[in-house]
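Inspection log for the structure reproduced underneath, given as structure tokens.
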Amino acid sequence: MAQGAVIHVAPEQPTHAVCVVGTATPLDVRGSAPKGYTTFGITASPGVIVDVIHGPPVKKSTMGASKWPLDPELEVTLQVKAASSRTDDEKVRVSYYGPKTSPVQALIYITGVELSLSADVTRTGRVKPAQAGKDQSTWTWGPGGRGAILLVNCDKEDPQASGMDFEDDKILDNKDLQDMSPMTLSTKTPKDFFEKYQLVLEVPKAKMNRVRVFRATRGKLPSRYKVALGPQQFSYCLELPGGQHSTDFYVEGLAFPDADFKGLIPLTISLLDKSNPELPEALVFQDSVTFRVAPWIMTPNTQPPQEVYVCRVSDNEDFLKSLATLTKKAKCKLTVCPEEENIDDQWMQDEMEIGYIQAPHKTLPVVFDSPRDRGLKDFPVKRVMGPNFGYVTRKLYMSELTGLDAFGNLEVSPPVTVRGKEYPLGRILIGNSGYSSSESRDMHQALQDFLSAQQVQAPVRLFSDWLFVGHVDEFLSFVPARDKQGFRLLLSSPRACYQLFQELQSQGHGEATLFEGLKRKRQTINEILSNKKLRDQNAYVESCIDWNRAVLKRELGLAEGDIIDIPQLFKLAGNSRGNSKAQAFFPNMVNMLVLGKYLGIPKPFGPIIDGHCCLEEEVRSHLEPLGLHCTFINDFYTYHVYNGEVHCGTNVRRKPFTFKWWHMVP
């Protein structure tokens, strides 16, 4: 909230003061009253509004002037109607009265100035002049909320640059400028005003490394933008001419919200009195604009696809052809990372997660680069980040990482309402251990802190450490649905698979085999149903999935009708530490690629009944009534045998939400 310095009156000599248009400036009448005086009267020139907060006047004189008692509850404020054309051109006279003394007068000379710091606090995409008396220092959420928004300038307009745009202190061109939030300082003063007064723009020292402010000088060339605030520079003295003047600034974020940074950055303009060189500068007026750094937002499977990413490796040519056909149907771009750039690391989903950031004036896709740093480690930096495509990461020591820090373990739900609480951008889903032990694995706390700090997609922690790889995309997915809910949650289900196989066995199909057409030992339905060890292992897996089912129903507000069980069997295998973890027994169909109504599902190689794979037919029977098209893709030798499937080997850039994140209430 804008604040002016208290004006103290002095009966023995005139007082000179500055009042800013639109701000009520306190006038200390009682503290300066001579001893023995009990009431006062006040008059002002036409350009000054006087407001006395008190009970009714004690006495009204024949001239119409009022008198007020000098009580402790007394409050007097002054407001000027307009900026002064010359110094001291407005006057206020205070008259003190006592029962046994002659009246004493104090004279205050007022200089009115216009001074406002304006930003897009109404979130329209344009800077409007600051409204007098409107608080710009408080940032509020919701459809009626106010407060400016700031983007982290994390793209790279110059492809030849070594880093992101915010990593230097230059503005490259107008495109770079569009990633920043404009701010304007407007002043109107007497011509000689700044001979005795100084304006200073500042940011709290604790936040100067989170923001950079450029001042625009004449012209529009990049060299005409000078750094005013930023790392190592928390204040900036403005040298301004008197009269009416406008100064433009451009503000860029340097850091995303995180555990140690809530995302709020106040920028403050201070007016200082430097008229007496023998005294320190005195604070006359102060106003602030608070920016919030836009959060990084994930996009769920229900958002329309725009681009699919995949790796070319030595033996996945047929997989790539199938994927090309699918992306063509879905009308989205296919980007293939060549072998020499991925170094046999085909796990595109694990390497990165593509989301976006948004301000009223700009939306920017941003890739979140996982800390796993394997063969694909350079792909997000060299092939994804670029002009109008941002980048963020959290660097961690390799010794601190587990498989749960890869981004197959990072998903997001569609929008949900939970016990009356709306999550219009969905909720982030991450996998952790169900309980702590010396062998348990969790997503690194630094990653969890970053995701939680974004505020708009409150994370839900699931139990995934029971899996060999340990990722949530191994047992869940979401698909769009043409109904009020708008989606279905898909969960892998050993129970559903056993029920299907038992039904087929009862129909006389017990000798039908899995893995037909593969160089792999075939197993009949009868053999699978009679394998007690496999049944026991899948009973354990089912208990783990059921635990997550309950969490998802509670935290996403789902009913059983919102969930589809996808038949799937698992087997247990020892990991590097000798602990038993679950792997997919046949290609894991829930680990699918969702491109609108087109689904790329791992081909399960289930038993063939009447010329059709019974597992494929079962999945079609659940998904095609929703208007979805199922394409089963053979990923057996290129992905499945390495503990991954179609989703693990691909990544998708999706269309941002139409819902504006600042309209929600976290």
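Note that Cβ sites are derived from N, Cα and C of the backbone, with glycine treated the same way.
Feature annotations, courtesy of Swiss-Prot:
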- Asn153, Asp155, Asp165, Asp176, Asp179: Ca(2+) 1 binding site (BINDING)
- Asp155, Asp179: Ca(2+) 2 binding site (BINDING)
- Asp165, Asp168: Ca(2+) 3 binding site (BINDING)
- Arg212: citrulline (MOD_RES)
- Arg218: citrulline (MOD_RES)
- Gln349, Glu353, Phe407, Leu410, Glu411: Ca(2+) 4 binding site (BINDING)
- Asp350: active site (ACT_SITE)
- Glu351, Asp369, Ser370: Ca(2+) 5 binding site (BINDING)
- Arg372: citrulline (MOD_RES)
- Arg374: substrate binding site (BINDING)
- Arg374: citrulline (MOD_RES)
- Arg383: citrulline (MOD_RES)
- His471: active site (ACT_SITE)
- Asp473: active site (ACT_SITE)
- Cys648: active site (ACT_SITE)
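Overlay of Swiss-Prot feature records on the structure.
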residue: Asn153; record: Ca(2+) 1 binding site; Cβ contacts under 8 Å, 6 or more apart: Met164, Asp165, Phe166, Asp176, Asp179, Met180, Glu252, Gly253, Leu254
residue: Asp155; record: Ca(2+) 1 binding site; Cβ contacts under 8 Å, 6 or more apart: Met164, Asp165, Asp179, Leu364, Val366, Met385, Gly386, Pro387, Asn388, Phe389, Gly390, Tyr391
residue: Asp168; record: Ca(2+) 3 binding site; Cβ contacts under 8 Å, 6 or more apart: Ala161
residue: Arg212; record: citrulline; Cβ contacts under 8 Å, 6 or more apart: Phe166, Asp169, Val227, Leu229, Gly230, Pro231, Val251, Glu252, Leu254
residue: Arg218; record: citrulline; Cβ contacts under 8 Å, 6 or more apart: Arg224
residue: Arg372; record: citrulline; Cβ contacts under 8 Å, 6 or more apart: Asp350, Glu351, Leu401, Asp405, Ala406
residue: Leu410; record: Ca(2+) 4 binding site; Cβ contacts under 8 Å, 6 or more apart: Met298, Glu353, Ile428, Leu429, Ile430, Met443, Leu451, Val472
residue: Glu411; record: Ca(2+) 4 binding site; Cβ contacts under 8 Å, 6 or more apart: Pro300, Ile428, Leu429, Ile430, Val472, Asp473, Leu476, Phe478
residue: His471; record: active site; Cβ contacts under 8 Å, 6 or more apart: Asp350, Gly403, Leu404, Ala406, Gly408, Asn409, Gly431, Ser464, Cys648
Checklist line | Phe407 (Ca(2+) 4 binding site) and Ser370 (Ca(2+) 5 binding site), Cα-Cα, nearest whole angstrom | finding: 6
Checklist line | Entries of Asp369, Arg374, Arg383 which, being recorded positions, have CA atoms within 10 angstroms of Phe407 (Ca(2+) 4 binding site) | finding: Asp369
Checklist line | Whole-number Å value for how far Gln349 (Ca(2+) 4 binding site) lies from Arg374 (substrate binding site) (Cα to Cα) | finding: 13
Item checked: Shell of the Ca(2+) 1 site beyond Asn153, Asp155, Asp165, Asp176, Asp179, same chain only (C-beta within 8 angstroms of their C-beta centre) -> Leu151, Cys154, Lys156, Glu157, Met164, Phe166, Leu172, Lys175, Met180, Glu252, Gly390
Next item on the list: Would you mind reading off the Cα separation of Arg383 (citrulline) from Asp369 (Ca(2+) 5 binding site), to the nearest angstrom?
Entry: 12
Next item on the list: Using Cβ-Cβ distances, find the residues under 8 Å from Gln349 (Ca(2+) 4 binding site) that belong to the same chain and are at least 6 apart in sequence, listing them in sequence order.
Entry: Phe407, Gly408, Asp473, His647, Cys648, Gly649, Thr650, Asn651
Note to self: With the cut-off set at 10 Å between Cβ atoms, which of these binding-site residues ends up with the most neighbours? Options: Asp179, Glu351.
What the structure shows: Glu351
Item checked: Proximal but sequence-remote residues of the same chain as Asp369 (Ca(2+) 5 binding site) (Cβ under 8 Å, at least 6 apart) -> Glu351, Met352, Pro380, Val381, Tyr391, Val392, Thr393
Checklist line | DSSP three-state assignment for Cys648 (active site) | finding: coil
Next item on the list: Work out the three-state DSSP category of Glu411 (Ca(2+) 4 binding site).
Entry: strand
Notebook entry, point to check: How would DSSP class Asp369 (Ca(2+) 5 binding site) in three states?
Noted result: strand
Notebook entry, point to check: Over all shown protein chains, what is the count of other CB atoms within 10 A of the CB belonging to Ser370 (Ca(2+) 5 binding site)?
Noted result: 27
Notebook entry, point to check: If H, G and I count as helix, E and B as strand, and all else as coil, what does DSSP give for Arg218 (citrulline)?
Noted result: coil
Check: Between Asp165, Asp473, which of the recorded positions has the fewest other CB atoms within 10 angstroms in the structure shown?
Finding: Asp165
